[in-house]
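Quick look at what Swiss-Prot annotates:
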BINDING   Asp227, His296, Glu329, Glu424  divalent metal cation 2 binding site
COMPBIAS  37-47  compositional bias 'Acidic residues'
COMPBIAS  58-72  compositional bias 'Basic residues'
REGION    1-97  region 'Disordered'
Amino acid sequence: MAAQVPTEELKKLKVAAKSDDPAAANGANGNTANDSDGSDDDDEPEDAGAAAGGEGAKKKKKRKPRKKKKKNANGQTDPPRIPISQLFPDNSYPKGQEVEYLGENTYRTTNEEKRHLDSLNSDLLTDYRHGAEAHRQARRWAHKHVKPGMSLTDIANGIEDSVRALVGHSGLEEGDAIIAGMGFPTGLSINHCAAHYTPNAGNKMVLEHDDVLKVDIGVHVNGRIVDSAFTVAFNPRYDNLLAAVKDATNTGIREAGIDARLGEIGEAIQETMESYEVEIDGETYPVKPIRNLNGHTIDRYTIHGGKSVPIVKSADQTKMEEGEIYAIETFGSTGLGYVRDEGEVSHYAKRADAPNVALRLTSAQKILNVINKNFGTLPFCRRYLDRLGQDKYLLGLNNLVSNGIVEAYPPLVDKKGSYTAQYEHTILLRPTVKEVISRGDDY
């Protein structure tokens, strides 16, 4: 999920102290995603037996067998409905791409002290690998099924239903979505819209052949958020745009590591992306980094942590540190390379430093209670409130925004007529190695 470069006023805001128990602060009931038995009740009925023989016996009408979900080579159905915990017993989830540190940090791979520190992170790694495998399987469905003519609502529901099934939490019971589920609303931003767009109720938008679609998916398990995005384009004229951004993201991942300086990572990303150009309808465009969008750290139950990773050259000398978790994301554009807020808001999140304000509107009090119990500080959208049976909540929600309790995230757009692309991975700066937790065979 994209992080904007903060304004000077936002820079002055004090960062609230974080709770020692994020799960409790977010209303979790003490259960964890790995406590779920993940039982699956999709057993198929047996075919009806042959009718009894005998003279004059009436011929029984054959029962039409239920259509079975197709299974992939890994035992998963299509669409994916078998929880990841059933496919990987004993929490033996696949590792991400492990990359050894370079330079002065080469020693970390074999250092006994660092290996011991790494072993203390088993719960964190289990949760992240669980979420990452759910992410890979959900986006595998998207790669296969997202086609021109599909509505954005169907795409969003297809991805989100898959994620919830894969982590074994539907999110319909109070507090269930805080244990595991969507890390943030699925971003489906088209063409000059770069980020923070997901359909609200009644949305009629349909994906067209010449569209460039950014698919930004967040999966969380016990508040550990996997944030990873890719771009879909059906017309090959956009190939270089997608290649530029994918290459730039991989450059950022390569340069990232313990003691790496954020400004230098941004410079390397910019150099890579600006080495590309794309020809559209006979006109050549340089691929520009969207300079006011950043990568970012990820904290537990908080998608945007305290550090930002620029995608252009910066004087920021801040270093990455051991134990941090980063979303390395880059955005490229054929337009201005700068985005602004425009359009109907769909994304919201309760602020971690939300003030204690006396709310006068009953509707605001009611919807805040729903947010606290079902999302905590995880981002959500209007569809998620609709799904929980909430209605007539918009006035109350807007009141929470105006009181600084909830942050609204409008769509971020470049110049109309331009095209934008995005690629993103989540990386863990473990004591011994850098793990690209969301890496898959697709990107």
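Backbone N, Cα and C atoms are what each Cβ position is placed from, and that goes for glycine too.
Cβ neighbours of Glu329 (divalent metal cation 2 binding site) (same chain, under 8 Å, six or more residues apart in sequence): Ala2, Asp227, Ala229, Thr249, Leu293, Asn294, Gly295, Ile311, Gln422, Tyr423, Glu424, His425. The Cβ neighbour count for Asp227 (divalent metal cation 2 binding site), using a 10 Å radius over every protein chain in view, is 31. Other than the site residues Asp227, His296, Glu329, Glu424, same-chain residues with C-beta atoms no more than 8 angstroms from the centre of those residues' C-beta atoms, the divalent metal cation 2 site, are Met1, Ala2, Ala3, Ser228, Ala229, Gly295, Ile298, Tyr326, Ala327, Ile328, His425, Thr426. Same-chain residues at least 6 positions away in sequence with a Cβ under 8 Å from that of His296 (divalent metal cation 2 binding site) are, in sequence order, Ala3, Ile303, His304, Gly305, Lys307, Ser308, Val309, Tyr326, Ala327.
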